[in-house]
Amino acid sequence: MKRNPHFVSLTKNYLFADLQKRVAQFRLENPQHTVINLSIGDTTQPLNASVAEAFASSIARLSSPTTCRGYGPDFGLPALRQKLSEDFYRGCVDAKEIFISDGAKADLFRLLSFFGPNQTVAIQDPSYPAYLDIARLTGAKEIIALPCLQENAFFPEFPEDTHIDILCLCSPNNPTGTVLNKDQLRAIVHYAIEHEILILFDAAYSTFISDPSLPKSIFEIPDARFCAIEINSFSKPLGFAGIRLGWTVIPQELTYADGHFVIQDWERFLSTTFNGASIPAQEAGVAGLSILPQLEAIHYYRENSDLLRKALLATGFEVFGGEHAPYLWVKPTQANISDRDLFDFFLREYHIAITPGIGFGRSGSGFVRFSSLGKREDILAACERLQMAPALQS
């Protein structure tokens, strides 16, 4: 049996797995210290009571011979698709265009597999490392990094002389924590239409947006229906990280170059490759959408971001993002300090684990990412430790 040649292009370990190994090793060698882990974007708040009740009720029905059921619909429960259309998208996306899945990362892999190998894929730099790995695993012909630099407010730089087939775009962004405004998103949509580019828009953090003028969906730009697919997730807002539930939107207007409708092929693709998301997860998702605008967990994580930002600024760092995303993109004031050295410094001196920016791409060099998804007591303890960071000041 021959090895899949695409594995050769991957690094030995996935970024976050490697970081957790380093943290575990530090804990093993330094049992006297308590490490606060702000390096991963994992949720810490429990399920809302009404969501947990819906989940439990669904499981109870599966345990009864009179109410149990087998496979659900391949494309998702009609009630969940309809509620997303009405409550989340306010009618700008039809229920038939929404396809329920087992999470955003799985859908990203399905989509890049669906469009096939030999595509030229453009990715924001820095970006969530799964984009790069999945593009490699699915046989991308070329992967183009779009620098998102501080001097451009982390807005991607687009080439004028390079053909792109697929653009992976994330807003609110992971890792920079920044969000595109409507004018910026409209400009990207028009660029994509002009250059015949498909946008895969990752909106997994859209529920963190508190400013009503900022777009939560790419389909707030009407022309995006001709060039974009949107991916979203219940993981962060509802605490479904371990439950696995997400969705993808395929507009009915979206076509290939030959005029064939993408949604028709997607339905055929899912019928072959996916038997539908967990029914209890979907029924819990319906309950979650009813309380999403008032969800306490989102406010909790925003408050965490505010606490971290104040502590980091007081320490002398430059801080970006965090207002509309659970991530803060942080630049040390000390010159000539590498990402790895900064990671080790925090772990060694303050027993705080963060994510080195270089792990998200070359343009992440000189930055680190803080996650605000931790427990409040850990955030407060981290803020207290950050007050003792004179060694990092210029």
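Each residue, glycine too, has its Cβ placed from N, Cα and C.
Site annotation (Swiss-Prot, ligand pyridoxal 5'-phosphate) includes Y71, A104, K105, Y128, Y205, S233, F234, S235, R244, N275; from N173, N174, N181, N304, the additional listed residue is N174. Among the candidates R362, R369, R376, the residue that Swiss-Prot annotates alongside Y14, G41, K105, Y128, N174, N275 as binding substrate is R369.
If you compare every pair of Cα atoms in Y14, G41, K105, Y128, N174, N275, R369, the residues listed for substrate, the longest distance is 36 angstrom. In three-state terms derived from DSSP, K105 (substrate binding site) belongs to a helical segment. For K236 (N6-(pyridoxal phosphate)lysine), the spatially nearest entry among the binding-site residues Y14, G41, Y71, K105, R369 is G41, judged by CA separation. Counting in whole angstrom, S235 (pyridoxal 5'-phosphate binding site) lies 20 from N275 (substrate binding site) by their C-alpha atoms.
R369 (substrate binding site) falls within a strand when secondary structure is assigned with DSSP.
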